[in-house]
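**Student:** So Swiss-Prot lists the following for this protein:
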DOMAIN    10-206  domain 'Peptidase M12B'
DISULFID  121-201  disulfide bond
BINDING   146, 150, 156  Zn(2+) binding site
ACT_SITE  147  active site
BINDING   216, 219, 221, 223, 226, 229  Ca(2+) 1 binding site
DISULFID  217-246  disulfide bond
DISULFID  228-241  disulfide bond
DISULFID  240-263  disulfide bond
DISULFID  254-260  disulfide bond
DISULFID  259-285  disulfide bond
DISULFID  272-292  disulfide bond
DISULFID  279-310  disulfide bond
BINDING   280, 281, 283, 294, 295  Ca(2+) 2 binding site
DISULFID  303-315  disulfide bond
DISULFID  322-372  disulfide bond
DISULFID  337-383  disulfide bond
DISULFID  350-360  disulfide bond
């Protein structure tokens, strides 16, 4: 499964924000600020393409009236404020994986940017901030690529790290020389981070219509108006795609995709993806497109020796959720612990309505907070929960989890598996 995850194409749906000082700096000219940000995006895209990651700009916001947070010269404080604003405001308006704030302010000391290490796909921490510190947009783009690198699990390079001659992207200090490569250490950091955390949001390919930047033929991503995109003409080796026009060559039906073979659609019924487990199904081609549509077993089908029920292609059971939260020795707590879910507080509730925690009904207690026994030398408490004020939903019993024979959790209630949920 790890190898399958590593080999999969990754997509970072990026949202860029420019603050009020940026707007003033570029003469209150929205077009100038937008152009600056598009130019930056066009530098970031090929940098990450080498890492098997496509960066798609899915949103752009310019604070042309007033800042939506207090942008200040303390980078730490500004990053925290920006991340909170993203989590509470931006995410509810526009779905994206990562947000970066470009500011015209001077940060204290030599800092040109800051980003949370390993924050990608996290509601609170998938964010960075960068100072518009140079007239040369390449250098600012590299600073954003650097902060995104932190979000993707990369630490600063040590002296022994190498990417060729220049300092690499994750160098600890700013360079006035542009470097477009990640070091061997960064690539190792990133791979280890992916294996350990397997962030899911970056597996989802954005739609052509999600991308807000002008279409660029040669950036490896098929955008509105393009039929294919195999990169710049000098490097494209795709016999199906005309790299100069991003159109299919004469006679070609397709250029890429799991249901495309030698520029033709694969036949209807051809298997394009094997079943991953008992809740998945083998996926097949239609013969009419390159898409390999993901199919899975119906919700409610028993799985894992009748310990769970299939839900959206997975088999969520409490035992696995306790191990994920507390480590390999953890087990599910005794039934008595789940009675805390009837209290309707931080430690026990079934769902939230307008941010109010709703206590569980007696029959629903196993669809609220998950109670686990860590079974470790330092923790012998039989009733443990995982609670983080920054991500209150983490540590709740997952939707679709078996809560009784013939029943599964749906929206904090223990419902019959034969009803749609």
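Each Cβ is built from the backbone N, Cα and C atoms, and glycine gets one as well.
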**Student:** Can you tell which of the recorded positions 201, 228, 279, 283, 337 lies nearest to residue 254 (disulfide bond) in space, using Cα positions?
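**Tutor:** Result for residue 254 (disulfide bond): the nearest of the recorded positions is 228.
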**Student:** For 146, 150, 156, 295, listed as binding-site residues, tell me which one has the smallest number of other Cβ atoms within 10 Å.
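**Tutor:** 295, out of the binding-site residues 146, 150, 156, 295, has the fewest neighbouring Cβ atoms within 10 Å.
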**Student:** Give the distance between the Cα atoms of residue 156 (Zn(2+) binding site) and residue 246 (disulfide bond), rounded to the nearest whole Å.
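**Tutor:** Here the two Cα atoms lie 37 Å apart.
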**Student:** Would you pick out, from the recorded positions 147, 223, 226, the residue whose Cβ has the largest number of other Cβ atoms within 10 Å?
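**Tutor:** Comparing the recorded positions 147, 223, 226, the most crowded Cβ belongs to 147.
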**Student:** Can you tell me the three-state DSSP label for residue 201 (disulfide bond)?
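**Tutor:** The three-state answer is helix.
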**Student:** Looking at the recorded positions 150, 272, 292, which ones sit with their CA no more than 10 Å from the CA of residue 283 (Ca(2+) 2 binding site)?
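**Tutor:** Candidates kept after distance check: 272, 292.
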**Student:** Would you count the other CB atoms within 10 A of the CB of residue 294 (Ca(2+) 2 binding site), including those on all shown protein chains?
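**Tutor:** Excluding its own Cβ, the number within 10 Å is 12.
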**Student:** Taking just the CA atoms, what is the gap between residue 259 (disulfide bond) and residue 229 (Ca(2+) 1 binding site) in Å?
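**Tutor:** Cα of residue 259 (disulfide bond) to Cα of residue 229 (Ca(2+) 1 binding site) measures 17 Å after rounding.
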**Student:** In terms of Cα spacing, which of the recorded positions 150, 229, 240, 322, 350 are within 10 angstroms of residue 295 (Ca(2+) 2 binding site)?
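**Tutor:** Those close enough: none at all.
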**Student:** Looking at the domain 'Peptidase M12B' (10-206) alone, can you tell me the average pLDDT?
**Tutor:** 95
